[in-house]
Amino acid sequence: RGAPLVLLYLLGLRALVHVSHRQLLRQPPAAGPRDFSAPRARGYLDNITAIGPRTVGSPENEVLAVNYLLEQIRAIEKESTNAHKISVDVQRPTGSFSIDFLGGFTSYYANITNVVVKLEPRNGAEHAVLSNCHFDSVPNTPGASDDAVSCAVMLEILNTLSKSSEPLQHAVIFLFNGAEENILQASHGFITQHEWAKSIRAFINLEAAGVGGKELVFQTGPENPWLVQAYVLAAKHPFASVVAQEIFQSGIIPADTDFRIYRDFGNVPGIDLAFIENGYIYHTKYDTSDRILTDSIQRAGDNILAVLKYLATSDKLAKSFEYRHGNVVFFDVLGLFVLAYPARVGTIMNYITAAIAFLYLSKKILQPKTRAIHNLKKFFTAFGLTLISWICTLVTVLIVAVFVSVIGRSLSWYTHFYVSVFLYGTAAAAELILVHTLAKKFFYKNMNEQYLGDTFFDASLMIWSIALSVITLMGLCSAFICTLWVAFPLLAKLMIHREFIQKGATVKFVMMYMLGMFVPYLYMMYLSWTVFEMFTPIMGRSGSEILPDVVLAGFIVVITMILSSYFINFIYLVKSTKTTLITLTTVFVVTLILVCSGIFFPYSSDAANPKPKRVFLQHTSRRFHDLDGNVIKSDSGIWINGFDYNGISHITPHVPEINDTIRTPCEEQAPFCGLPWILPVHFMFRLVKNWYLPAPEIFPRSPILFKVLSKELISRNIVRLSFEVSGPSHMSLYVRPHEGSVLSTWSLGDGMPVASLGGDYFVFYSHGLQATPWHFWVELTVPEKHSDGIVSLAVAAHYFFGEDQKSPQLYALLDRFPNWTFSSGWSCTYDLFVF
């Protein structure tokens with residue numbers, strides 16, 4: 001009798017979660033004369049994206065976008081009140097740094113662009129809060145959400161604040177940075193070189209991992225709990241999660257933001273926000289301004305304006321170093337408000353909750369003393385069976401996921417998300433129920449059902465209490481979730497225990513039981529929905545090494561185990577689970593058959609809601625030189641990378657010449673296999689899922705020029721090689737010391753070379769307009785005998801815009817790709833030298 005109630009309960013929670021997510025985007029009140037105006041911000045957004053793709057070094061980014069921003073800023077300055085002073089600066093920094101992102105590499109930039117605006121009281125201000133966006137975009141995309149909309153929001157906030165007659169206590173610095181997509185270069189140039197950077201005490205970074213929707217606070221600090229409190233008090237439409245922060249900072253998501261630069265190089269605390277909805281079209285041609293709802297712009301503007309005003313009038317900003325210590329636990333409740341408290345308070349609460357649960361369990365199990373041994377045996381048997389059921393469920397579902405991947409049906413749920421629930425969710429639920437049904441039938445034969453139900457509840461409570469203690473001990477703020485799963489079930493159990501003992505599992509008992517579980521179940525479903533919304537699109541751009549079905553199946557199993565942990569006891573209370581098992585198994589088998597048949601195509605070209613497959617194509621010409629500088633090998637072809645586990649299998653029927661006969665070979669003697677990687681992401685891709693289609697040699701109108709300036713013997717076994725390179729706005733340098741040689745220092749970063757995964761060294765180079773040739777040197781400690789040279793050094797030139805970007809052959813190939821792909825192409829050259 002309880003099964004329909006449980007189903008209705010879960011469906012009701014799901015509906016409530018959906019309503020709460022829609023509520024987060026409710027229409028804010030109409031803008032008044034001093035409020036944020038979303039229509040005006042949309043005008044800024046439309047004009048910025050109308051410029052087109054804004055790749056670093058292109059006229060669109062360095063001239064047109066900069067001129068538009070300056071034009072709007074000057075117009076805002078003319079209408080500002082006398083309470084404020086506006087200063088504008090265009091910065092063109094040059095610099096270098098190393099970063100452990102993507103396995104570790106070094107970045108060098110020259111003459112890139114920042115547009116910096118300072119709004120301050122008429123008599124000036126000693127301290128400032130920074131608001132950061134970036135107006136550049138990745139190649140071949142309009143970059144509306146990433147990050148033109150943030151710059152549009154900042155322009156409107158500047159406009160709103162400047163028209164206020166109330167002076168601010170502190171300055172607000174608006175940084176429109178022009179080189180974030182080049183792995184955070186412009187923010188580094190600002191925070192390490194600009195004179196205004198010294199006055200910054202906190203920052204707000206506006207980013208995107210999706211197209212529109214809600215902006216999530218997913219990083220804060222480091223430490224500085226007062227910043228979270230500022231957001232809690234000021235934000236009108238809060239959406240924040242310390243869980244998202246700990247997931248992001250764990251490195252699971254292959255992404256990073258300017259937050260890292262301000263934190264690591266500026267020692268400044270801040271708040272990181274990002275749009276997370278519809279990540280399927282993030283960094284694609286579909287990231288257009290019309291896909292961003294005006295409500296989303298209004299919501300973001302209301303939040304950021306309120307937080308900036310709060311910080312710019314706060315006494316704590318000037319003394320932020322005094323409030324630095326301690327982390328904070330924070331999470332929103334259905335988007336209505338945010339709960340935040342110091343992590344040390346959370347630790348005390350967690351341990352007290354766990355202690356109460358352990359005390360309850362020990363008192364219950366060990367009394368009366370005459371039955372203590374018997375109770376302990378039954379309790380730990382239930383505890384073990386629960387863990388065994390979880391392990392069996394995980395293994396079974398992962399086997400299904402691997403099978404689906406091996407037969408070439410990976411990502412069948414990418415466009416049809418419900419498929420993942422019907423395939424992996426039903427399998428997980430059926431396996432859990434089956435294990436406990438078998439245990440009930442054969443192991444617990446003729447035992448009291450109420451006693452079993454009670455014992456398995458206690459076993460689940462013990463598991464959650466242990467998890468709470470361990471996660472708290474690890475210092476993770478996300479332990480508050482375990483607190484919910486210990487405190488509320490224990491409270492519910494204590495309230496209805498007498499009803500259960502006297503009358504058993506009546507409908508009244510079931511309803512009271514589910515009511516007691518309402519808070520943890522509702523929050524877990526709300527959190528799971530948010531995580532699904534973020535992670536599912538990421539699986540389409542996570543490379544060919546990761547099995548996305550295994551990742552998603554594992555996540556669904558974990559959610560199933562969590563949501564079922566306090567319903568396992570019902571398996572022992574009901575008379576039969578046969579109908580439930582048959583239903584779940586039928587849904588699973590039918591879905592599996594449909595998936596294997598290929599009926600669920602992974603990608604979609606639907607104009608309203610596209611979910612494209614990402615493919616990168618580089619028309620490459622390569623030359624390999626020997627010690628004497630002679631070309632010993634050269635080739636030319638179109639190098640093709642699919643950005644998900646499916647590789648290119650779905651495209652081969654449309655372009656037959658892209659097949660298994662043209663797999664990309666690895667040049668073992670060259671760093672990074674002799675391939676022109678734009679970033680050191682080689683570890684994310686299998687060479688067996690790369691293709692190298694022979695094509696004519698390309699001859700860029702602006703070819704790369706590589707010179708050896710000098711070779712010096714610094715001491716008996718230390719050699720310095722100096723070079724000069726000039727070429728397009730984007731170049732990659734790859735270095736591999738030969739056996740016995742060690743790259744000891746160089747003129748890049750802080751002087752200490754940082755190796756990438758695999759041991760080779762990677763340098764990402766970019767420049768804006770009118771950059772001088774790039775000069776650098778490397779020093780190697782070398783062995784006495786080195787007849788085959790001491791180092792291999794390769795340089796690749798990437799043509800992301802202009803007349804050299806795409807060859808006729810590349811254009812022709814791109815035109816043949818199906819409309820459900822996003823195919824980003826450019827030309828590049830690669831030269832390997834040995835010294």
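Each Cβ is built from the backbone N, Cα and C atoms, and glycine gets one as well.
No curator has checked TrEMBL annotations; they are predicted automatically.
Remember, predicted model here, so these are calculated numbers, not experimental data.
The signal peptide feature in TrEMBL is assigned to 1-22.
Summed and averaged per residue, pLDDT over the domain 'Peptidase M28' (114-307) gives 93. As annotated by TrEMBL, domain 'Peptidase M28' applies to 114-307.
Marked as domain 'Endoplasmic reticulum metallopeptidase 1/1-A TM' by TrEMBL: 376-596.
Among the features that TrEMBL reports, transmembrane segment is placed at 382-407 (among others). Here the transmembrane segment (382-407) has Cβ contacts under 8 Å with residues 423-424, 427-428, 431-432, 435-436, 439, 443, 452, 455-456, 458-460, 462-463, 547, 549-550, 552-554, 556-557, 560-561, 565, 568, 592, 595-596, 645 of the same chain, all six or more residues outside its ends.
Note on the transmembrane segment (413-439): residues 385, 388-390, 392-393, 396-397, 400-401, 404, 456, 532, 536, 539-540, 548, 552-553, 556-557, 560-561, 564, 568, 571-572, 577, 580-581, 584-585, 587-588, 591-592, 595, 600-604, 611 of its chain, located 6 or more positions outside it, place their CB under 8 angstroms from a CB of the stretch. Residues or ranges marked as transmembrane segment by TrEMBL: 413-439 (among others).
Feature annotation from TrEMBL assigns transmembrane segment to 473-492 (among others). Within its own chain, the transmembrane segment (473-492) has Cβ neighbours under 8 Å at 242-243, 245-246, 327-331, 343, 346, 349-350, 353-354, 356-357, 360, 457, 460-461, 464-465, 467, 512-513, 515-520, 523-524, 527, 562, 565-566, counting only residues six or more beyond its boundaries.
According to TrEMBL, the feature transmembrane segment maps to 513-532 (among others).
TrEMBL lists 552-574 (among others) with the feature transmembrane segment.
Among the features that TrEMBL reports, transmembrane segment is placed at 581-603 (among others).
Residues annotated as domain 'Endoplasmic reticulum metallopeptidase 1-like C-terminal' in TrEMBL: 610-833.
Within the chain carrying the transmembrane segment (581-603), a Cβ under 8 angstroms from the stretch's Cβ atoms is held by residues 400, 404, 407, 409-416, 419, 422-423, 426-427, 429-430, 433-434, 437, 611-613, 646, 650, 820-821, all 6 or more beyond its ends.
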